[in-house]
Amino acid sequence: MEESRDLYDVYNTNASPPWAETQHQCLEELDNVECLRRKIKYYFMNPCEKYHARGRKPWKLILQIIKIAIITIQLVSFGLSNQMVVTFKEENLMTFKHLFLKDYVDGGMDTYAVYRQEDVYDHIDYIIEQYGILHNITVGNHEYEKNGAFYTPLSLCQEYYRNGTIFPGNETFEIDAQVETECLEVYPMYRPSLRQALPHFELHFKRMLSVKMTFVLKAINLQTVRHRELPDCYDFTVIITFNNRAHSGRIKVDLENDVDINECRDWKVTGASARNIYLTVLFDCLIIITCIVSFTLCTRSVINGIQLMSEYTLYCSKQVPVSDKLEFLSGWYILIIVSDTLTIVGSILKIEIQTKVLTSYDVCSIFLGTGTMFVWIGLIRYMGYFRKYNILILTLRAAFPNVIRFICCAGIIYLSYCFCGWIVLGPYHEKFRTLNTVSECLFSLINGDDMFPTFKNMKQKSSLVWIFSRVYLYTFVSLFIYMILSLFITIITDTYDTIKQQQQSGTPTSELQKFLSVCKDLPNSGVYRLDENNSCFLNCCINRCRERQERLTSEA
C-alpha cells in the first residue's frame, strides 16, 4: 500500500514532461512572430489608423501642415525682397547703358557696334565725358568709388598682338600671337579726350583684340525701407567692351556690370518701426525650431524602420529582397529630413541677410526654394492615404526604375543628334551655333515648339547641307515624337494597369505583404494598445486565453 502511494506521489510531482517544454517553446516562438507582425503592421499604418490603434495623436501630420504654411509665408516674403534686389540690378544696368553708350536704343545690344576708327574714338570719348559729369546727369543716387580721400579712376585697357604686319592685298602676313595689354587711367576730375592722350595711348586696330573700359559706381537701394527692411549698399563694376576678336571690320560693343552687395557703414532710419525687422527674424527662428522638431521626429521614424527591418531579416533567416528592405526605409521621411536641413540652412542665411551680416541672396534663395519644393512634394505622402490618389503615387514609384532605364537609352540617341547638329548645321543656323543652344532647340522640337521657324531659318548657301538638314530634322522629329515618346507613355500606362489590377485583386505581391496578411487585427481592436503597455508574450497569452474562452462558449 505504501509502495503504491509512493508511486502515485511520483506521478503527481510538479515536474513537467519533456513534450510540455517543447510545446511551450513553440508557443512562445509563435507569439513572438505574431508580435512582430503587429509591430510592422502598426509601423505602416497611416496617422488615422495609428490614432485608433493606440490613441496617439498625429503630431507629425499636424506639424507638417503647420510647417508648410509658415515656410510658404517665409518664401513669399523672401521672394518679394529678392524681387526688389533683382529689379534694382536690372534697372541700374539699363541706366548705365543709356548713360554711357552713345545713341543707345532699348533692345539694341545685339546690333550695337561701330565700323569706323573715328566712331571708336568718339564712343570712348563719350564714355569718358559721361563718367566725368555723372553728378550732373544722373537722376539716381550714383557716386564714384573712393579709395581713401581720392576717387578711383576709370581704367581704359586694350589687348593686342605684340607685333604683326598684315597685307591682305598680297595675301601675306606675319603675326606674333603673344597678347599684350596697355592701360590708361582717367580720374573723374581730370577728363582729357582720348586724342589728347594719344602720345601715351594709341589704338592698334589691325592688331587689336579688344578695348575694355572699367569703373566702379556706388548706389543705395532705398526702396526696401518701405518693406520694413534695411537698405543695402551696392558696388557696380561697369565693364564696357569693344570686341574686335573676329577682325571682321565690325567691333561689337557690350556693357555689363558685376554687382556686390555690402552692408552700409553708417545708417539711420526714422519714421519706420525697427520692431518689424526683429519680428521677421523671430519668425525665421520659429521656422528653424519647427524644422528641428520635424527633423527629430522623422529621424526617429527612420531609425524605427531600420530596427524593424533588422528584426524582420533576422526572423526570415534568409536573403530578404531589396524591395522589401526598402519598404522599411520610407523615402518620404528621408525627403522631409532633406527639406528640413535645407530650410534650416536657408533660414539661417536669411536671418544673416536681414541683419546685414550676409548679402548672398542667390545662395539663400537656392536653399529656401529647394527646401520649400521638397516640403510640398512631401505632402503627396499624406494624399496617398486616399485610395484614388494612392494609385498615382504607386504608379510613379513602380514605373521609376523603368523610366530611368528608358531615359538613359533615349539620352544616348539625343546626344548623338546634338553633336551631329552642332558640327554640321552650326555654321548655317543660329539655333545650332553652340552645343547648349542645339540641346535647347531639339528639346523644343520634341515638345512641338518653334518647329516651323527651325526649318525656315536654315540658310541655303550649301545645297548639300540644306538637304542634310531636312533629313536630320525629319528623322529627329519622327523618331522622338512618334516612337520614343509613345514608348515612354506605354511604360507609364502598363505600370498603371498592373497596379490597378493588383489593387482590385487584393492579393499580396511581395514576401513582406504575405507575411503581414496573416495578421487580421484591426486598428480599433485594442490589441495594439496591449502591445504598447505589455510584453508581446503576455499579450499573446491573453489573446490565446480569449480565443479559447470564445471557443468553449461557442461549443457550450
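Even glycines carry a Cβ here, placed using N, Cα and C.
What TrEMBL says about a protein is an automatic prediction, not a curated fact.
Averaged across the domain 'Mucolipin extracytosolic' (85-265), the predicted model reaches a pLDDT of 86. What TrEMBL lists as domain 'Mucolipin extracytosolic' is 85-265.
Per TrEMBL, the feature domain 'Polycystin cation channel PKD1/PKD2' maps to 357-499.
The transmembrane segment annotation in TrEMBL covers 277-303 (among others).
The transmembrane segment annotation in TrEMBL covers 331-351 (among others).
Among the features that TrEMBL reports, transmembrane segment is placed at 363-383 (among others).
The transmembrane segment feature in TrEMBL is assigned to 403-425 (among others).
Remote same-chain partners of the transmembrane segment (471-492), defined as residues 6 or more beyond its termini with a Cβ less than 8 Å from a stretch Cβ, comprise 395, 399, 402-403, 406, 410, 413-414, 417, 420-421, 424-425, 442, 445-446, 448, 451, 454-455. Feature annotation from TrEMBL assigns transmembrane segment to 471-492 (among others).
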**Complete:** Reduced to three DSSP states, the domain 'Polycystin cation channel PKD1/PKD2' (357-499) has 119 helix, 0 strand, 24 coil
